[in-house]
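Here the structure comes first, spelled out in structure tokens, and everything after it is commentary.
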Amino acid sequence: MKRDVRILLLGEAQVGKTSLIMALVGEEFPDEVPSRAEEITIPADVTPERIPTHIVDYSGVEQTEDELREEIAKANVVCVVYDVTDLETIEKIGSKWIPMVNGNAERNSRLPIILVGNKSDLQCGSSMESILPIMNQFSEIETCVECSAKNLKNISEVFYYAQKAVLHPTAPLYDPEEKQLRPQCKKALTRIFTISEQDNNQILSDEELNFFQQSCFGNPLAPQALEDVKMVVKKNTADGVRDNGLTLNGFLFLNTLFIQRGRHETTWTILRRFGYDDALELTDDYLYPPLRIPHESSTELNHFGYQFLQKAFEKHDLDEDGALSPSELQSFFSVFPYTPWGPELASTVCTAQGGYLPLHGYLCQWTLVAYLDVHRCLEHLGYLGYPILCEQESQTHAITVTREKSIDLEKGQTQRNVFLCRVIGPRGTGKSAFLRAFLGQSLEEQQQSNKPPSFYSVNTVLVGGQEKYLILFEVDVDTEFLKTSDAPCDVACLMYDVSDSKSFNYCASIYKQHYMESQTPCLFVGCKYDQGEVKQQHGISPAEFCHKHRLPPPYHFTCQGTPDRTIYSKLATAAAFPHLHDTELSTASFWLRVALGATVAAVVGFTLYKALLRSK
């Protein structure tokens, strides 16, 4: 919505332009009228829409044509004033003033025009018979108001309609020649309907209609009013009401009716509540609400976010099989202007039979987006209507910004639930297979798969009895680590091929260059263990290297057969406890402490639960 409104009054000499302005401001007909009034600014607090309004007069005696063109260029709306008793001033509306205002402008970019018939006190009848042909000829004419500056009749209405033409314009919504909603408006209202009907049955129930009404207008509809609305739709459409609910066609018809009856502010209120601007595009303020993220912090979905996303999943899982089919996923993304997830999704998260997306994989993908690009995540939540459906100011309500990592290290504990692991190693080590194994795919299954590759894989692991999300990122040796800023992560997995004698050198070099002086926990993983281990050409063995640098001993891994998930838990645990020395992570006493901590937490929780039950 515009922040202010600039109204320009045009018309032939002596039609009463200046008198109208002075009558509005002084609330009386002026005894003496200057040839032109100074620009008037009406403050926001005295206008119905709470928007400051500037009213500009025009005088052909005082102003040149160049000055007139400048004023037209600055105006948001033009009031063409005519004398209801003078047919020549009416004729000049179409032959002179409207062509001067809009000239050769494109239909969608023309200035809105209000026709103002002044001096109605001097005429018994109405000028509308002469005006209607002009209104039919020029679609940019919003309305016509007959008034009297002398009797103060309809003066405030003139400027109200002018303001309304700017703040709630008809042109973006409705094509008066075709007598139907414009495509962009229909598209926006279809998205709004899809968001508002929350069980995906293509019908707005009474409950959903009331929630929609409350959200947009601040109060629910009375039961009789609901029935009256449906009755109007039913009488005028063949399929607007079904199973006592409003269909999409019924919803579109209602908005068309509002506009045709001059109540387009109703449709604009709906559109703006759902984030649309005057061009019917979602605003940046709606899609990208401000979120402060300190340098060492990360971003995660909180339980509000997961709860909302699970509900959205269940809405589109029509067959209730716990997984979204391609058509169900397409339905899910119907409120997006584009499909945000590509074919690599199948290699990023766990999928069900036939490539369907189960709830677990779906939540993992959202977790990945929230961690890597929170602003994109906020955008996606905005498309789904999070602020409206959750009755929140913005979708930042669904996001937790974690404590800075330096504070976690200082306090010796972290509250994070999502960790990033960089998987680093020379080409051909088996990094991609390691990522796919995290999703439960054996090497044989990977070789038979035609899924497109992904540099990420996301899954959950247990750390001390608690479920955490672990994101694996495969570092491209050709493009990554060009600078130190490429290295940060929660844990580094340095992977070498035990069957290649030159493989360990790369990992040792990366460790010394980027991680030896850092506080990032590191684990060395010897891959392809099933192919036999050879001596590494490094001077000292991988085990000796790890011992020398106080790291846990190398973990041997193979993708043959059923993947072993132990290493993934070790990586997540190292990320969750970065304050501990790396060698402590490999000791039995550490793992016992983690297990005992989880057990104690469970016992305390159960004891509190029983105490609460007794108190009830």
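Each Cβ is built from the backbone N, Cα and C atoms, and glycine gets one as well.
Over in Swiss-Prot, the protein carries these features:
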type     : residues                                              : note
TOPO_DOM : 1-590                                                 : topological domain 'Cytoplasmic'
DOMAIN   : 2-168                                                 : domain 'Miro 1'
BINDING  : G16, K17, T18, S19, S59, N118, K119, D121, A149, K150 : GTP 1 binding site
DOMAIN   : 184-219                                               : domain 'EF-hand 1'
DOMAIN   : 304-339                                               : domain 'EF-hand 2'
BINDING  : D317, D319, D321, E328                                : Ca(2+) 2 binding site
DOMAIN   : 416-577                                               : domain 'Miro 2'
BINDING  : G428, G430, K431, S432, A433, K528, D530, C559        : GTP 2 binding site
BINDING  : S432, E474                                            : Mg(2+) 2 binding site
TRANSMEM : 591-613                                               : transmembrane segment
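Where Swiss-Prot records a feature, it is marked here on the structure.
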| residue | record | Cβ within 10 Å |
| --- | --- | --- |
| G16 | GTP 1 binding site | 24 |
| T18 | GTP 1 binding site | 21 |
| K119 | GTP 1 binding site | 24 |
| D317 | Ca(2+) 2 binding site | 22 |
| D319 | Ca(2+) 2 binding site | 9 |
| E328 | Ca(2+) 2 binding site | 19 |
| A433 | GTP 2 binding site | 21 |
| E474 | Mg(2+) 2 binding site | 21 |
| K528 | GTP 2 binding site | 24 |
| C559 | GTP 2 binding site | 24 |
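Of all Cα pairs drawn from G16, K17, T18, S19, S59, N118, K119, D121, A149, K150, which the record names as binding GTP 1, the longest spans 23 Å. Counted within 10 Å of its Cβ, the other Cβ atoms near G428 (GTP 2 binding site) come to 13, all protein chains included.
Packing around K431 (GTP 2 binding site) is summarised by its Cβ count: 24 other Cβ atoms lie within 10 angstroms of its Cβ, all protein chains included. In this structure, the C-alpha atom of G428 (GTP 2 binding site) lies 37 angstrom from that of E328 (Ca(2+) 2 binding site). K119 (GTP 1 binding site) has D317 as its nearest neighbour among the binding-site residues D317, G430, S432, D530, going by CA to CA distance.
Shown for the domain 'EF-hand 2' (304-339): DSSP residue counts in helix, strand and coil, namely 23 helix, 2 strand, 11 coil. Among the binding-site residues listed (G430, K528, C559), C559 has its Cα nearest to the Cα of D317 (Ca(2+) 2 binding site). When the binding-site residues S59, D321, G430 are scored by other C-beta atoms within 10 Å, G430 scores highest.
E474 (Mg(2+) 2 binding site) carries a strand DSSP state (E or B). Secondary structure at A433 (GTP 2 binding site), taken from DSSP and collapsed to helix, strand or coil, is helix. Other C-beta atoms found within 10 angstroms of the C-beta of A149 (GTP 1 binding site) number 28, with every protein chain shown included. A separation of roughly 33 Å, to the nearest angstrom, links the Cα atoms of E328 (Ca(2+) 2 binding site) and C559 (GTP 2 binding site).
Using Cα positions, the member of the binding-site residues D319, A433, E474, D530, C559 nearest to T18 (GTP 1 binding site) is identified as D319. Around S432 (GTP 2 binding site), the same-chain residues at least 6 positions away in sequence with a Cβ under 8 Å from its Cβ are P453, E474.
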